[in-house]
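*Asks:* Just dropping this structure here.
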Amino acid sequence: MGRFIFLSFGLLVVFVSLSGTGADCPSDWSSYEGHCYRVFQKEMTWEDAEKFCTQQRKESHLVSFHSSEEVDFVVSMTWPILKYDFVWIGLNNIWNECMVEWTDGTRLSHNAWITESECIAAKTTDNQWLSRPCSRTYNVVCKFQE
């Protein structure tokens, strides 16, 4: 009986010490502020990258940023693996929903845009965002909530 109590107490201590420390993320993912992140050194188009992320884990998508601290965390993950490179992030203008108008205030009625939509990539060195054709291939950072 004493062994059982000791073992039960030991398991309780391990469980309590692991809760809230990223234990809810799979071992190959990194935890930050209730989310799990993973860098994939696989170059693919933006659309394929988003699809790839959704196939990795339920509710996983290309990374989104909601604070400068989160940006710093992701840069600290991507830099050692990818060095000077770009990664796709979860921003795009695929549906071209921006309202564009001329400097004289008239709306755009003739469209001569290249049909390629623009997606957003982030530099791994400082996370500056750049608009890139969605057909370009870059590495991937996926994110999901723990």
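Cβ atoms are placed via backbone N, Cα and C, with glycine included.
So Swiss-Prot has the following annotated:
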- Cys25-Cys36: disulfide bond (DISULFID)
- Cys53-Cys142: disulfide bond (DISULFID)
- Cys119-Cys134: disulfide bond (DISULFID)
- 32-143: domain 'C-type lectin' (DOMAIN)
- 1-23: signal peptide (SIGNAL)
*Asks:* When DSSP is mapped onto helix/strand/coil, what comes out for Cys134 (disulfide bond)?
*Replies:* coil
*Asks:* Based on Cα distances to Cys142 (disulfide bond), point out the closest of the disulfide-bonded residues Cys25, Cys36, Cys119, Cys134.
*Replies:* Cys36
*Asks:* Using Cα coordinates, what distance in whole Å links Cys25 (disulfide bond) and Cys134 (disulfide bond)?
*Replies:* 29
*Asks:* Per-residue pLDDT averaged over the domain 'C-type lectin' (32-143) comes to what?
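*Replies:* The predicted confidence over the domain 'C-type lectin' (32-143), as a mean pLDDT, is 85.
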*Asks:* Radius 10 Å, atoms counted are CB only; among the disulfide-bonded residues Cys25, Cys53, Cys119, Cys134, which position scores highest?
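*Replies:* Selected residue: Cys119.
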*Asks:* Could you give the Cα-Cα distance between Cys119 (disulfide bond) and Cys36 (disulfide bond), in whole Å?
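*Replies:* About 23 Å separates the two Cα atoms.
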*Asks:* Would you mind reading off the Cα separation of Cys134 (disulfide bond) from Cys53 (disulfide bond), to the nearest angstrom?
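*Replies:* So the alpha carbons of Cys134 (disulfide bond) and Cys53 (disulfide bond) sit roughly 16 Å from each other.
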*Asks:* Any idea what DSSP makes of Cys53 (disulfide bond), helix, strand or coil?
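*Replies:* Once the DSSP labels are grouped into three classes, Cys53 (disulfide bond) ends up as helix.
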